[in-house]
Each structure stands twice: as C-alpha cells, then as structure tokens.
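The annotation S-adenosyl-L-methionine binding site is assigned in TrEMBL to 123, 125, 150, 171, 196, 262. The compositional bias 'Low complexity' annotation in TrEMBL covers 28-55, 228-249. TrEMBL lists 432-444 with the feature compositional bias 'Gly residues'. Sequence annotations record features per position, and here TrEMBL assigns compositional bias 'Basic and acidic residues' to 446-458. The domain 'Ribosomal RNA adenine methylase transferase N-terminal' annotation in TrEMBL covers 130-348. Among the features that TrEMBL reports, region 'Disordered' is placed at 1-77, 212-249, 431-498.
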Ligand SMILES: C[S@@+](CC[C@H](N)C(=O)[O-])C[C@H]1O[C@@H](n2cnc3c(N)ncnc32)[C@H](O)[C@@H]1O
C-alpha cells in the first residue's frame, strides 16, 4: 500500500518501505499544492514569498561526545520555508522538492507571527544534522512504532517519517497542532493527538499503538484528556473467551514502541516518571533534555552530591546512556543551557530487581533522600524505627551510620528486603496482639508516633493486658499495607477481625 506523505517525503528520500507513487487524491492534499503562494485566507497578511526570515546567524557546532558516525546525505535546503509556504523548487534533479530545513520551518513560524511559548518549553531545534543524528542514534527504521512528545514544528517528525517510522505525536499547543494536522493531512504513517502528554492517557496511547500494529489500521485523530483511552478502546482486540482484552493485556508478540522527543524541559521529570515503568510496552526512550539534567540522570556512582532518588529510580527501570551534547545555539529561542540526547533502554518488568513491593521500594528511597544530610536511621522515620534501620543496614553489611547518597541501587534493594523482614515480623506481632514489640513494632514508630508506644509497642496500656488495641492493630495493618509488605490483612480486614 502506498504511503501518503508530504511532497518532499514522497518524492524525495525513501520514506516507506512499500512506497509506490502516492495516490493523486493525496498528492493534491499536500500543503504545497493546497496553498496558494500568498498568505492563507482569513489570516493576517504577511509576506509569503521570498526567503524565509532567518532569525540568527548559523550557530556554532556544539561539542559532541557520542554522535553516530553513519553518513547521511544532506537534504537540499530550499530558499523558502515549509508550512504555509509555496512549494520549494525542485532542487536535486529528481523533480522532487527537497526536505525543507528545520531552520526555515522555525523561521516560518516567526514570519507568521507565531511566537515560541516559554510556558510550553518551546525551544525549537533548528539543525537538521542533529535531528538526523538523533534518529540514527535511536535506531529508527522502516515500520518502527515511534511516539513523539511535542512535535511542535514537525522538524523531528519529518525525519522520523523519512525513515519510514509509524509515528504517533502528542502536541499540546493548539496552533502548532493545527498546522501539523493540515500539513500532514492524509499521511497514514502519522497520527496526531492533541493534548497534554501528561493528561491524555499516554499509557493507553502507547498501548493502542502496539495493538494497532498487531491488528490493523488506526482510528482517526483524537484530542484532549482521555484521548488515549479512546484510542486504546478503538485498537483493543475483540473480546475473546480465551484471552483477556483491554487495559493491562499486553500483546503476546507485539512490537514495542520507541519514544523519540525533543522534550519541553518542564515536563521531563513527570514524563519520565510516567514512562520508565512501561518496559512491557516501550523498548527505549531517546530524548533531548538539559545537559545538566542528562548528566545527573546518567550518573551511576553513589557518594556524590548529584546522587539522588531519581538515579535509583532510573536505574531500577532502565539503563540510561548519555549520547551527545547539543549546543544551546542549535535551538530557537536559545535556552540558557545546552541540551543533550539521552537514551533510556527500558528493562522489561521481569528483569527489574526483585523487591518486596515496587511502590514501597520507591517510597523508601524517596524518604531516605528527603533529608540527604541525615543518617538513614533518622531520615527513614516514621517509615521504620531507628533500630530497624540500623539492624537492616548491618544485616546488609553496610555502615549503620549510612546516608542515602552512600547506597547503590543493589544496596537499596537489599535494605528494602531486610526492612521488609523486620517490619513484617513486627507488624505481625502487633496484629497477633502480642504487644511484645520491644521498641521494634511498626505501631511504635508509625504515623502517629508515640501513641503506638502506649498502645502496643512496649506492652504498656491496653497492649499490656494481653492484647493490642484494635486501633493499634489497624495502624499496624495499615503500615504493613502502606509499605507494600503484602503480608497480613489490610486495614478493613483487621477491623472486621475485631
Ligand atoms: C522543545 S519543543 C520541541 C519541538 C520540536 N519537536 C522540535 O524538535 O523543534 C517542545 C514541544 O512540546 C510541546 N509541549 C509542551 N508541553 C507539552 C505537553 N505537556 N504535552 C505535549 N506537548 C507539549 C510544545 O508545544 C513544543 O511543541
């Protein structure tokens, strides 16, 4: 089946593995052929002919540490821009217009008086050689499933499409989404989703990509919060009696998704928090982020000031790799810091370090780092008592005075198991009504520190009378549950047992 695409993509570089000549109805729908050479009707009038306004001198090349060596032919850069512009003149003898340059696309935005929005982290990439390097570093090839967050100008998108990838792109900016929709109308290898990547239901969007790859063609464009759910629903296989369908049902032999993006800096952390645990659906992420943040995330050695909870979390879910640095002058507007490409190779769930509970593990790590200067026996309270932490550290062969930044991922994993053993034992003692916590009971150091002591931990008060109070048992059960220790009844069950 032919792969409809913008004119430069269709006639110029090889885009889709099975491309023939695009059908005429699609040819006639490219922006180049749709658009007259003047400004679009209903829009303010700006000069539409002549060279696109260049906003800056060509930037100096930035330092690169891991740039792919694969040589790629330079696309011929036309003298005019792309979106909202007349077609570029054939420049390479093939009769096809060359791929428009990233810089000219950005310049066109400004020419149309569309300003970059700081609130949306809009620092547009203007250098095609970096975008090509990014796509090569990501290993994008024909037919790959790619999620792009924040396509914006479409400058990265077009390189992904030129490689023959099947791209789903989520854009929050209505204006840019509108331009992209028009430009790529009829391009079957691109699906645009309008909305905030943090709110559209990204997991469902990704799940639908995998499902559609397995089962057939994609539904139409979707927009707004919940778009992901609609896409997932449309892509979900017919319910069958033999296989569970819908959310959580991972396709047995489905291909995984690559995430490739020049991310707005302000959503990097939240997006990674959302995507890193999806190793069952995503193979790898290749994202441009701030250089300093990239260096911090790729740090693998504990002990330094940059060793944070985010490092433990990142290493728990993936192998991060700093690829290459990108000069800030390659972006427009120029940000205050350089960028970098980082690759996160996600671990499938069964390859992650086994822990008593993932949620409990990450809470433990966050708490440990919440007060970096404190020793863990202090910073971990009230999650665990000082005695429990010291005993658990010693059992792991670690210094009982250790601070969070001293521990590797493996050491945190070991610590979580030791604490789990101790707290489960203490929690069970309380749940059994023994009241023999002797300073190690969960209740004693629980969220209502102090109260537990009187009620159960040291065998005083009600606990001393041969049984822990119902309240203390409930609290113990809740703490056990909260830590994800997974043993003993939950709070409701404990209440029922009273
Ligand atoms: C750094 S620009 C990258 C644009 C383009 N991909 C490039 O490489 O030049 C970030 C893009 O993400 C979009 N964006 C910002 N916040 C977003 C969010 N929460 N969800 C989806 N897109 C977002 C911005 O509108 C912008 O288009």
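Each residue, glycine too, has its Cβ placed from N, Cα and C.
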Candidate with sparsest Cβ neighbourhood (10 Å radius) among 171, 196, the listed binding-site residues: 196
Site extent for S-adenosyl-L-methionine, whole Å (max Cα pair distance, 123, 125, 150, 171, 196, 262): 20
Per DSSP, three-state class assigned to residue 171 (S-adenosyl-L-methionine binding site): strand
Chain-internal residues near residue 262 (S-adenosyl-L-methionine binding site), provided their CB is under 8 angstroms and they sit 6+ positions away: 125, 134, 150, 152, 156, 287, 288, 339
Cβ contacts of residue 123 (S-adenosyl-L-methionine binding site) (under 8 Å, same chain, 6 or more positions away): 116, 265, 331, 332, 333, 334, 335
Rounded mean pLDDT for the residues that make up the domain 'Ribosomal RNA adenine methylase transferase N-terminal' (130-348): 87
